[in-house]
Amino acid sequence: MKFQKMGDSNTWDLVGEQQQRKKSRSPSRASRVDSELLVGVENAAELEALGLGKEQLEEEARRHKKQRSKSPALENIRKTSIHLLQKFGAIPKKKDDSVLLFRFHDIPDIPLESLCIRPKEFFEEPKVFSFRDMGREQQKAEVNEKCSYLFRGTSFDHDDHFELPTETGRVPEYDHFCPIHGSRRRLPRNKLVTMQTLMHSVDDEDNEDLAYIYGHDFLAKLVRKKKREMMSGTEKERANKIKRKIMSNLWILSVAFLFLFTAFNGLQNLQTSVNGDLGSDSLVALYLSLAISSLFVPSFMINRLGCKLTFLIAIFVYFLYIVINLRPTYSSMIPASIFCGIAASCIWGAKCAYITEMGIRYASLNFESQTTVIVRFFGYFFMIVHCGQVVGNMVSSYIFTLSYSQALRGPEDSIYDSCGYQFPKNLSDLTELAESNLARPPQKVYVAVCLAYLACVIISGMIMSMFLNALAKDARNRKMAQKFNSEIFYLMLKHLINIKFMLLVPLTIFNGLEQAFLVGVYTKAFVGCGLGIWQIGFVMACFGISDAVCSLVFGPLIKLFGRMPLFVFGAVVNLLMIVTLMVWPLNAADTQIFYVVAAMWGMADGVWNTQINGFWVALVGRQSLQFAFTKYRFWESLGIAIGFALIRHVTVEIYLLITFFMLLLGMCGFLAIENFDHIIKFWHHLIHTSCPEKEPLDDRNSDFE
């Protein structure tokens, strides 16, 4: 009979931990060993061919981490904000159960006798008397103590009367840290978070380095850098030349759109104030035709004529639209608006196709992801185009200010009873001061503004025709027989039964309603009525600056905070502005409030323009960017058309209430999409509990099936 003594082995080896428990429960990139750490094995061969070993990766990771950690204050702010958002439930907590495993060489076994000498005698120190010992003596000897086998070796399975001859027996005691029975064994529990643990991760810096080293973004940068270094001189020069041409075409396209929409946005903001009901009706026709034609016309025009010719024809239609605005009548404005809406759908569709093709070509030359490059190019494009809102409004206000004598004197410090949310449907109910502020400008001044916008459109067409390069595939498409492609229309009908798509429709329509409110209601009932038509451009320029800056900033912020905080921020800002306009007794002396409301509205509009468009891309899929942009443009244009139609039939207060409830409905739909899986599971569970499944038929009934 062989016995195992206490000093011969480690006590915890007796627990007999299974081999499966030593593996990571959720293997990640950081929980693999040696060569498996190389980005999921499929890229390991490519990295080895490029000469990127483990040492090179670690060196590059340390260098990049040193560059990233130059501002610890910003890093602490980022971590604190993420933790607060997780506490409030705005973003989900990341659960990472991975265990870092490392492969080391086995340590050779060293016999203990060569280093230590066992004592020949053991002495037991006398114990201090305690009443607890009296109770222990009365216990039965055969009572099984928890964890006793950990301290008695293999003698636990034998008789208790056997005593070791050379070693004093040890009284079994309860181990609080026993991994099986101990009360203080490691259990998954929520730990208290202090400021120190908040600023510094629980894991050490080495683990964080490993997670960064073997991240796909980091490895993609190294692979791109290595592939560029391996290119020959001729190939590198040719690739750089093509990339410079692509970037120049992108900036040329952006500047041409800047001049075009400088004219269109500036004239659009004056329609309801200068042309009255004719202006709102023409905008309804324009955006309704844009929404409908976006399903059929753009694909046919692009395939038949190519992107560049589509741009030029659309610019010519915009030119005719502005010319007709010199002498606006119902018989001329409504048809011109319909054709302008069709041209708008074509020019936006051609823009998406042109930028997408440039992004794909640039990504192949620069060894980057196509989606990353396309999104970056769209960001550059809209950064330039949104500045057109600023320039166009500044042009109109500057020309109007030179001609209006009222602009020389300041606004009166009094409450305007017929302006703001109390703006009447019948203009005859306006006060004399409000009526003078909304008086149509002299024809010469209005013609001067339109001529300035015509010059911008001509410059846009010249830039597009002389400097923009045509796509190579446009020449191939023109040789093929073209016909109307109804694929997008069929896809639109097919996705009408998709629950997720329909849940996002109310928020997209609200995006159109809030734009129509700002262009058609705020410019007339608030700014024009209180300050005068000559001030509309200045206030809308403030909106344009805020919209452009926030559209540029909110794009990268989604990577830090996620989609939910940005949507909540935009909704809260819009709700506050709507409530403010509903209770604000308009006083023209409070000039700052007009600009603050426009700036805050621009912040919210920056959220909707960037995030809703990206949300449609996420739902539809990045493989069909054209269809995603078409769906977004369709529902947004439909919302704008509905908004301009409501201006004729409801008061300002009712319009604000409709916008308020549409925003609440849209946010409910957005929250339902974000928690769609949980809602479906709850719904199935509710149906299963309320309507249990029927018992299977017996053999007699099954014969009749």
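Every residue gets a Cβ built from N, Cα and C, even glycine.
Swiss-Prot assigns G266 and V617 to topological domains bearing different names, which places them on different sides of the membrane. Per Swiss-Prot, the stretch carrying the note transmembrane segment among 346-366, 367-387 is 367-387. Residues 256, 260, 263-264, 336, 339-340, 342-344, 346-347, 349-351, 353-354, 454, 457-458, 460-461, 464-465, 468-471, 474-475, 477-478, 480, 482-485 of the same chain, all 6+ positions outside the transmembrane segment (300-320), place their C-beta atoms under 8 angstroms from a C-beta of that stretch. Over all protein chains present, the Cβ of N426 (N-linked glycosylation site) has 6 other Cβ atoms lying within 10 Å. Between the transmembrane segment (561-581) and the transmembrane segment (325-345), fewer than three CB pairs separated by 6 or more residues in sequence fall under 8 Å, so the two stretches do not touch.
When Cβ distances are compared across the two stretches, the transmembrane segment (442-462) makes contact with the transmembrane segment (241-261), since 3 or more pairs at least 6 residues apart fall below 8 angstroms. With a cut-off of 8 Å on Cβ pairs spaced 6 or more residues apart, the transmembrane segment (520-540) and the transmembrane segment (367-387) reach fewer than 3 such pairs and are scored as not touching. Contact count against the transmembrane segment (648-668) (Cβ pairs under 8 Å) is highest for 496-516, out of 367-387, 496-516, 583-603. Using DSSP to sort the residues of the topological domain 'Extracellular' (643-647) gives these counts of helix, strand and coil: 5 helix, 0 strand, 0 coil.
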